[in-house]
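K.L.:
Can you read through this structure? Questions will come right after.
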Amino acid sequence: MNPAHLLILAAVCVSPLGASSNRPMPLNLYQFKNMIQCTVPNRSWWHFADYGCYCGRGGSGTPVDDLDRCCQIHDNCYNEAEKISRCWPYFKTYSYECSQGTLTCKGGNNACAAAVCDCDRLAAICFAGAPYNDNNYNIDLKARCQ
């Protein structure tokens, strides 16, 4: 299977269209969800799963705003992490901690886990600093993300 298709498949696992509380999710995406909840406790993580052109499944075109740009940067960060031997970011778990809204990737992570943890940590911090525009949730990707 094409790696790009694998990434899209993994991203769809968190899509609110088919998500339920008992549906399995790749462990890394579960950790990323928890990081988002650490930095943005007042908004459910699934609000970020289908936002703009880059948050959630795939990504193309010009980001619609700063929050969408956070997701584009996160996608690019995962693409860089994939260059590490045997590193599959959507499935790589890592050690981190959340303390009072502050995320820290722990030192015991291998190169892949450290890279993926940092991608997720930086994205969660970026999400916390970017305004959320309800009009950019669940947009028409074909019309707005060319």
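Every residue number used here counts from 1 along the chain in the order it is shown.
Backbone N, Cα and C define each Cβ position, glycine as well.
Sharing the features that Swiss-Prot gives for it:
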- 1-21: signal peptide (SIGNAL)
- CYS38-CYS98: disulfide bond (DISULFID)
- CYS53-CYS145: disulfide bond (DISULFID)
- TYR54, GLY56, GLY58, ASP75: Ca(2+) binding site (BINDING)
- CYS55-CYS71: disulfide bond (DISULFID)
- CYS70-CYS126: disulfide bond (DISULFID)
- HIS74: active site (ACT_SITE)
- CYS77-CYS119: disulfide bond (DISULFID)
- CYS87-CYS112: disulfide bond (DISULFID)
- CYS105-CYS117: disulfide bond (DISULFID)
- ASP120: active site (ACT_SITE)
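Map the listed features onto the structure and describe their local environment.
P.N.:
Contacts of CYS98 (disulfide bond) defined by a Cβ separation under 8 A and a same-chain sequence distance of 6+ are given as ASN34, MET35, CYS38, in order along the sequence.
The Cβ of CYS53 (disulfide bond) has 23 other Cβ atoms within 10 Å, all protein chains considered.
Neighbours of TYR54 (Ca(2+) binding site), defined as other CB atoms within 10 A of its CB across all chains, total 25.
Secondary structure at CYS71 (disulfide bond), taken from DSSP and collapsed to helix, strand or coil, is helix. In sequence order, PHE48, TYR51, GLY52, TYR54, CYS55, GLY56, GLY59, PRO63, ALA123 constitute the residues six or more apart from CYS71 (disulfide bond) in its chain with CB-CB distances below 8 Å.
Sequence-distant neighbours of CYS70 (disulfide bond) (same chain, 6+ residues apart, CB-CB distance under 8 A): CYS55, ALA123, CYS126, PHE127, ALA130.
Long-range Cβ proximity for CYS119 (disulfide bond), meaning a same-chain Cβ under 8 A and a gap of 6 or more residues, is found for HIS74, CYS77, TYR78, ALA81, PRO89.
CYS112 (disulfide bond) falls within a helical segment according to DSSP. A simple way to gauge crowding: the CB of CYS112 (disulfide bond) has 18 other CB atoms within 10 angstroms, across all the protein chains here.
In sequence order, TYR94, SER95, TYR96, CYS105, LYS106, ASN109 are the residues of the chain that are 6 or more apart from CYS117 (disulfide bond) and have a CB within less than 8 Å of its CB. DSSP assigns CYS117 (disulfide bond) to a helical segment in the three-state reduction.
Long-range C-beta contacts of ASP120 (active site), restricted to its own chain and to partners at least six residues apart, with a cutoff below 8 Å, comprise ASN28, GLN31, PHE32, MET35, HIS74, TYR94, TYR96.
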K.L.:
Which of these recorded positions is closest to CYS145 (disulfide bond) if you go by CA atoms: GLY58, ASP75, CYS87, CYS112?
P.N.:
GLY58
